[in-house]
Amino acid sequence: MQTVIKNGTVYQNGRLIHADVLIEDQKIKAIGTDLTGDKVIDATGKLVSPGLVDVHVHYRDPGQTYKEDIETGSKAAAHGGFTTVGAMPNVTPVPDTPDLMKKMVQENKQKGIVHIFQYGPITKNETTDELPDYAALKKAGAFALSNDGHGVQTAQTMYLAMQEAKKNDLIVAAHAQDDSLFNHGIVNEGEKAKELNLPPVTELAETTQIARDLLLAEKTGVHYHICHVSTKTSVELVRMAKACGINVTCEAAPHHLLLTEDDIPKDNGYYKMNPPLRSKEDQAALLVGLLDGTIDLIATDHAPHAKQEKQGGMQNAAFGITGSETAFSTLYTKFVKEDKVFTLEQLLSWLSDQPAKVFGLKKAGVLEPGCPADVAIFDLEHETELKEKNYQSKGINTPFTGQKIYGATVMTMVDGEVVYQRGEK
């Protein structure tokens, strides 16, 4: 059967064009005008995008499925227009052996409704200095390496990890955090931490480890990717490293682009995340970094928690914010429609073809004949409200609930099959 998406504004090759998209046998067959098919999806007035790509999600499965599981996490991704995700390995048990990795990959495929690529850990159990067998993990299905949630504390361990990752052509995606400097902090170091009387987090906890790792990456030649950069100095370090030819890429998270420490209204656990919300100066530097290419892509760091884990004050709340279901619409509304900081084409690139390119996810994040029919359709014309009852994730831990947005997802297709349709829970 042939399905045609008619009369939409299609994002293709960095441009927006008025076109139809023809789908057959799970693939894009053609993009053009006056196309016909057995089934017609009317996209008049809608944006037709490649399925978005999020290289940073936490699905808590196995081990903490009361927070999220593969099924609900992938449904949340589809609700946000994402058709390809990278799942972090901070689950229980950590998939640090070939058998555990194979099992994770199989579970992702069986339970997920989007394409799920699985990270392997940089170190065994994510908290030791012992390296797993990277070659075996890659053979079992790992697409990259990360200890996300934990910084690699020992320089020698990271140096050895980068050497082995380079040998096996694996990206090292780092959560840059020196625990001795983080020192059980809660809120960015500054006036807000003083106002709330909460332990501060110095930016040095992030920047010193980035500086260390960039030198190690230069020495080893590994592809070093930095998760959720959040400070002005981090951006400056990456900018200098790229100018020196170091093989480094990095991502920014929607919440660090949209919010600052000044937006924390009170001691509210929904605003507790790691890295923490930073200063307005840091936020401005992230936006400049995106626009000048220092920051390569946007990734959500979707980190769901049970409601009770975010109640009360920030001191005892869990770190983390959901992002899969709110990323595109909140970013589009603020930075494209309202403030005109960047274009729709730029936003779509940072959320689709750029992450796919950086991580070598071939045929993801693009609409081209012969590629998988992974498609997202968004409504840019009508205002809607973000409501808890509409979330597909088990986690409702986001301060964006109640916000009026444009860019709600109308439909998401994976391999030509509808996996999300507005109005269906």
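Positions of Cβ are set from backbone N, Cα and C atoms, glycine also.
When Cβ atoms from all protein chains are considered, those within 10 Å of Asp301 (active site) total 30, not counting its own. As annotated by Swiss-Prot, active site applies to Asp301.
Annotation source Swiss-Prot lists Zn(2+) 1 binding site at His56, His58, Asp148, Asp301, citing sequence analysis.
The substrate binding site annotation in Swiss-Prot covers His58, Tyr59, Arg60, Asn90, Asn274, His305, Phe319, Gly320 and is backed by sequence analysis. DSSP classifies Tyr59 (substrate binding site) as coil under the three-state reduction. A C-beta separation below 8 Å, combined with a sequence spacing of at least six in one chain, links Tyr59 (substrate binding site) to Glu68, Asp69, Ile70, Gly73, Ser74, Ala87, Val91, Ile116.
The feature Zn(2+) 2 binding site is assigned by Swiss-Prot to Asp148, His175, His228, with sequence analysis given as support. Packing around His175 (Zn(2+) 2 binding site) is summarised by its Cβ count: 24 other Cβ atoms lie within 10 angstroms of its Cβ, all protein chains included.
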Rounded Cα-Cα span from Gly320 (substrate binding site) to His175 (Zn(2+) 2 binding site), Å: 14
Closest of Asn90, His228, Asn274, Asp301, Phe319 to His56 (Zn(2+) 1 binding site), Cα positions, recorded positions only: Asp301
Recorded substrate site residues His58, Tyr59, Arg60, Asn90, Asn274, His305, Phe319, Gly320, farthest C-alpha pair in Å: 17
Distance [Cα-Cα, Å, rounded] between Asn274 (substrate binding site) and His228 (Zn(2+) 2 binding site): 9
